[in-house]
């Protein structure tokens, strides 16, 4: 999720580093192909220093006539779900995270010059391709007069790159700036930062079946040269003007996804279905929908209200009001975020849930695993024939949302086996975490792990979200996404 961060000395030092890297990156990357090409390379600055927030789209863009409903396969990796973006002429295929908690779509740019700081896990195994705008005949730099440029630079202050480039935001809004759109910096809730420039190019997407391809000209995305803790690109599925659904004209429609369980991670034969458009909203009469809450702080993102959590047969644990409403500053609500792996709950409610679980589970704690993984509740469970399937040994967990909507988590969506069984014993940990942002921003987050084997429908026209337990592997096979 993209949020504002507090500016610190460390952040300032980091952005100075990114400034140098961005200038070197764009100077080496940009190669004008015609008189209309624009030279890349203006100084980035942090959104952390910007006091205002981007506004929600109030007048949705018209959907291009050739953009019909879409279905895209999502590939599961260890901490999220990847969508393949086919960009440029000829097409370059880049895999990025599908993220409902942000707006900007961005891809790594430059196979050699792309640099990610504190991304050691990926440095030795560069699993993702990078985009080369110089190899695409349809790629060009977005202009300062573009509404997307205004959106990505959401404030006018001395540190804003628009001002540094000689074009204040007020001049951009008045279409008086002749510069290309200055470089941007985009921050994420877990501390990640990306810097790059807005680029336009042709995007190719699938139709309602994989045999049909549609071309989207002039799609706007971030061409990113330097990042901090963000080694893989992101497709933003929020409701802001820069998001993929917004640019394709689906803000008055909706989309749905059905995430495969973690056991399918990195399996190329299985994909999770992502459906965009009218098809995502049809035949949903039996689905339970809870209303979307409108966050005054983050109006582009998807919030719901959590009323209670039931553990096993114990009476429902009432949640704090902050998980179903916002305070005067806009803090609160439960964010539905595919870009966050695990569900996060605020204190002291999080500890109350742990206490109830401990009172109902009599198996020995696996404290060594807790120390190693950072999860707060792990148990050693007996298993037959060294199978990780432990049946009903652990209590169920049910989320109760506004409008009497209940979601019973699949058995594999709360406690998960951390390793293969040994000596007829398997260690499972609760994959929930505590919110660590204090009272700022969302009070809780419904992460992608707890959305596995659940059809989640985002009805943007009626501003509601539906949940329905589903065998997502079977759903993918029915839609022709699986190769076996």
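Every residue gets a Cβ built from N, Cα and C, even glycine.
Summarising the annotation, TrEMBL assigns domain 'Peptidase A1' to 81-468.
Residues or ranges marked as active site in TrEMBL: 99 (among others).
What TrEMBL records for 337 (among others) is active site.
Feature annotation from TrEMBL assigns disulfide bond to 378-429. Close to residue 378 (disulfide bond) in the fold, though at least 6 residues off in sequence, lie 365, 366, 367, 369, 370, 418, 427, 428, 429, 430, each with a CB less than 8 Å from its CB.
A 10 Å cutoff on Cβ-Cβ distances gives residue 337 (active site) a total of 25 other Cβ atoms nearby, all chains included.
When the alpha carbons of residue 337 (active site) and residue 99 (active site) are compared, the span between them is 7 angstrom. Confidence over the domain 'Peptidase A1' (81-468), given as mean pLDDT on the 0 to 100 scale, stands at 88.
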